[in-house]
Structures are given as structure tokens and as C-alpha cells.
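As C-alpha cells, the structure follows; a few thoughts come after it.
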Amino acid sequence: MENGSYITTFLFTAYGDIGFIKNVYFTVTIITYLLIHLVNTIVIIVIVRDRNLHEPMYIFICCLTINGLYGSNAFYPKFLDNLLSDKPSISRTGCLLQIFAIHTYGSFEFSILALMAYDRYVSICNPLLYNNIMKPSKVTSLLCFTYLYPVCIFTVHILLTIRLPICGYLIDKVFCDNWSIVRLSCVDISINSAFGLFVTTVLMVPPLMLILYSYIKIISVSVKASKEARSQAVKTCLPHLITFSNYCIATFFEILHQRFDVRALPHDVRIFMSIDFLLLPPLLNPVIYGVKTKKIRENLGYMRNIYFTVTIMVYLIIHLVNAIIILVIVCDKNLHEPMYIYICSLAVNGIYGSNAFYIKFMENLLSANPSITRTGCLLQIYAIHTYGSFEFTILALMAYDRYVSICNPLLYNNIMTPSKVTSLLCFAYLYPICIFTIHISLTVRLPLCGYLIDKVYCDNWSVVKLSCVDISINNAFGFFLAAVLMVSPQILTLYSYVKIVSVSIKASKEARSKAAKTCLPHLITFINYSIATFFEILHQRFDASALPHDVRVFMSIDFLLLPPLLNPVIYGIKTKKIRQSAIKMFSSLGTAGIMQVH
């Protein structure tokens, strides 16, 4: 590698040694990349071709989708190339171009989202003056400013980076960002550091201020309006607010990641959070702003075919990644330990829950009249609810396992004996089965007077509400069920982590870092799953009609969608022993295949 400012190539160290798993990552990534192009292109074509959609809101949605394609093309092609490379790298020129593209993409996203908030403010607070305020010339001026303002500021920023002589070539990320290059310089970087903070301020604070101002005004008007007007304001603004909040958090983490030491976080968590702003917005924006917008949706009669294609891909990926984890753990005797047995159980449960939901869901996506038989509905209720309960109890057992491992390491083998692990797993499965068998029996006995379910799958309360008779027993037992199947695992998890935290505080810095790396992924998953399940219970028991339809649907299937996809990554691929075993197993299979050919 060349010295000084003549370094022409940078190496990425964040990819790590992922061996055979790189092919799985590559497959998932290229599917994601193609999906981003597909959904964004569809929304752009629909808006461009239909003159009825040539209004400010739809023009901003179109700009958002174009920006999604711009950001994706700045990141994914090189990322895909490096996934298949033995030495992930990038040329100096390519790195500087990627920095410029990714940073301007991020700034454009902030600015466009701010314009959308302003548009909603004018629409709700000054509806009679909307056409006079948001006239074509003003929209054009706002969009020109949205693009030119970040480009001008960031051109100065990148020129300050180009002038620096570089003395290093290792970048601890999966893509190029400005601060990673600046830190490799041989000279004083105080000007770059100060200007970097200035850029962050001028490109983030004005959009944030405009958003806050717009929503304060919207809230003040909505409070005085009718219930119907408030509901309409919530439906219009909530998706934008959720997306903006997610984008702000992701960008804020990326700034912290650049400026501060976050090595205490697990490697995979750091990687995901650093690319979150490049991954989720291009995928979610077409859904949140495009598919859920009535005028656009009316132009997308064939959209359910796209949903079907995406769903079947997700379903196959869930089966693939979970099956790999199960196969690796079952075949390798070195992994027949409590932690890996629980990971295997989680993977098995992911497949069980996916089969309970996706098969009928995909059939209904292609049906003119989505439906299900009464028997099929009751079976789906039983399967989905027991899947959810198994997930909670297994995650609680994993928390207990971490507690014993960290708080009583010398007694671990005496406490977590094979017989105890077997007993705990039996309890984890039999406890929910016994309770939910009673619950479903109470539902089966009810005579039904309705047949319409406002969901994409069957759940117990939706069927109970269709009954012609008194349902107070079912209602009371439902609350009891939610309490015993949610509260008990949560108490065990909280107890485990309180003990872990109390022990970690007294331990060395290295021990604390190891505890954080071991426990944080599990804690994130458990919290996400708890929130998703809690929302689903609220959705069943209370009126959530004020929320947009697509938000309600997504949140109701979140606990069926994310855990089966994320668990193999969080608990499997990032676990060193499983990763090494997978590489070894598939390498031996590849060698055997080559020998057979010869």
C-alpha cells in the first residue's frame, strides 16, 4: 500500500470474516436493492404519467422516491461488490464520490421531508389559501433550494477533505463517509472537524425547526377542530412524523458513530445502525407515502401482485436463514449447549409462526375475496398465538441463561444441566399450550353472527367480537391470558438484566463491554417484540381507527414479520461459534461436491 497522500485504495475492515454467509448476505442485499428500484420506479411512473397527481404533495413524494434511488445507487453497487470480495476495498476517487453522493442524499431526504411537513401545515392550517401559497412557481423554488443548498455546502466540505494528505488506508465501516477519511490524515484536521459540525448543524437544524413549527401549528389547529378533522389530520401527518423520527434517530446515531467511541455496542448493531438511513427510507417511503395515498393507489390495481412477490421472497428468506441455523446447530455437537439450543428453538419457532401466517396471507393476496374457513381460522388463531407465547418464553429463558453465565460463571455448568435445560424448554412450550387450549375452547363454543374480520389474519378477539351472545368470560380470560403469558417472561427478563447490570457495574471495563455485546442484541429484540405485541393487544381491545390503515396493518403483523427475519442474524450469524461452524460445514459440502464432479 502506498504511503502518504499517494494512497489510492482504501480497505474496509467492518465486513469481517463472514465466510460462506457472505452469499446469504449478498442474496438478501440484491433482493432488497431490486425491490427498492421496483417500488420507487412504480411510484415515479404513476405520478409522472397522471396529470391529476401533478400537485405539491405528490411532487414531493416523487422527489422522495427519486432520492431513494439516488441514495441506493450510491451505496448498494459497491456494497454488493465488496460482499463477494476477499478484500473489500474502494478507490480514493470512488470513495470521495460515494461520500458526496451519500451525504447529499441524506441532506436531500431531510429537506424534502421538511417541505412535506410545511405542505401539510399549509393544507391543514390554511386550506382556503393553499392553492395561492403552494403555487407551481413556489414549489419549483422550494425544490431548487432543497437541492442546491446541501450541494453548495457539501461541495465546500468535500473540497476540504480532498486537500488532506492521507496516511492510512483502513476504514472501519462498510461504506465511505467523510469523517472516516478525515481521521486518516497526517496533518491537523481541526478545520475539517469544525466545518463538519457546522455542516451537521446547518443541514439538520433548519429542517428540524421547520418540522417542529409545522406540527406545533397543526396540533394547535387540530385541538380546536372537530373530531373528524382531528382524525383526518392524524391520518395525514402520522406516517410522515414516524418516518421523519426514524430518519432523525438513524442519522443522529450515524453522527455519534463517527464522532464518539461506540465500540461497546455489538459489531452487527453498529453496522445496521450506520446503514439504517440508507436501508429503510428507500424501502418504506414508497409504501408510506405512495401505496397508502388513495390517488396513487387507484392507479395501482396490480399492486397486490407486487405484494405477493415481495411476501413470497420474505417467506423463502425466513425459511432459508432459519433452516441454516437449525442445520448448523443440530449437526455440530460443539453447539449442543444451552445458549445454542435456545437459538435453535427460536429458529424453529420462527418457521412455525411464518407457516401459520404467510401461507394463507399469500393465498389471499391473489384472491378477489380474501377469506378463510371457520376451522382454518381457529387453527390459525391457535398457531399464531402459541407462536407469540413461545417467542416470549424462549426469549425469557435466553435472558436467564445470560444471567447465569455472567453472574454465576463458575456454577454455570452445574445450574444449566441438560436435564434442567430440557425441563425449561418443556415448560416454555407446555405452559402456553395448556393456557391457550382453554382460551381457544372458550372461543369454539361461541355462536357467531358476523363474518367480517378487519385484519389480514385471524386473531382470537376479532372472532370473539362476532359472537351473538355474552362474551364477558372470553374477555376476562383474554386479559388473564395476556397477563400470564406476557408479564411472567418480562419479570424474568427484567430480573435477569437488573442482576446483570449490578454485576457489570462492579466488573472491569473489558467485562462490561463483553456483557454489553452479549446482552444488547437480545434486549433490543425483546423490547421490539414486547412493543409489537403490546400494540397488537391495544389494537384488538381499543379503537385504533385514527391510525392510518397501513400503519395498523404493519404494526399488527410486526411480531410475525421481523423476529423470524432478525433472530437468525442477531443470534445466529453474529455468534462466532455458529458462524465458524456454518463456514466449516458448507466448505466441506462444497469440497465433497467438487470431488463427486471429478
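Cβ from N, Cα, C; glycine included.
Per TrEMBL, these features apply:
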TRANSMEM  24-48  transmembrane segment
DOMAIN    39-289  domain 'G-protein coupled receptors family 1 profile'
TRANSMEM  57-76  transmembrane segment
TRANSMEM  96-118  transmembrane segment
TRANSMEM  139-160  transmembrane segment
TRANSMEM  194-216  transmembrane segment
TRANSMEM  237-256  transmembrane segment
TRANSMEM  306-330  transmembrane segment
DOMAIN    321-571  domain 'G-protein coupled receptors family 1 profile'
TRANSMEM  339-359  transmembrane segment
TRANSMEM  421-442  transmembrane segment
TRANSMEM  476-498  transmembrane segment
TRANSMEM  519-539  transmembrane segment
TRANSMEM  551-573  transmembrane segment
Cβ pairs under 8 Å with the transmembrane segment (421-442): which stretch of 57-76, 476-498, 519-539 has the most?
476-498
Where else in the chain does the transmembrane segment (306-330) make close Cβ contacts, counting only residues six or more beyond its ends and a cut-off under 8 Å?
24, 27-28, 31, 35, 38-39, 42, 336, 340-341, 343-344, 347-348, 350-351, 354, 358, 361-362, 365-366, 561, 564-565, 567-569, 571-573, 578, 581-582, 585
Is the transmembrane segment (339-359) in contact with the transmembrane segment (551-573), using three or more Cβ pairs under 8 angstroms as the rule and ignoring pairs under 6 apart in sequence?
yes
Averaged pLDDT, computed only over the residues in the domain 'G-protein coupled receptors family 1 profile' (39-289):
86
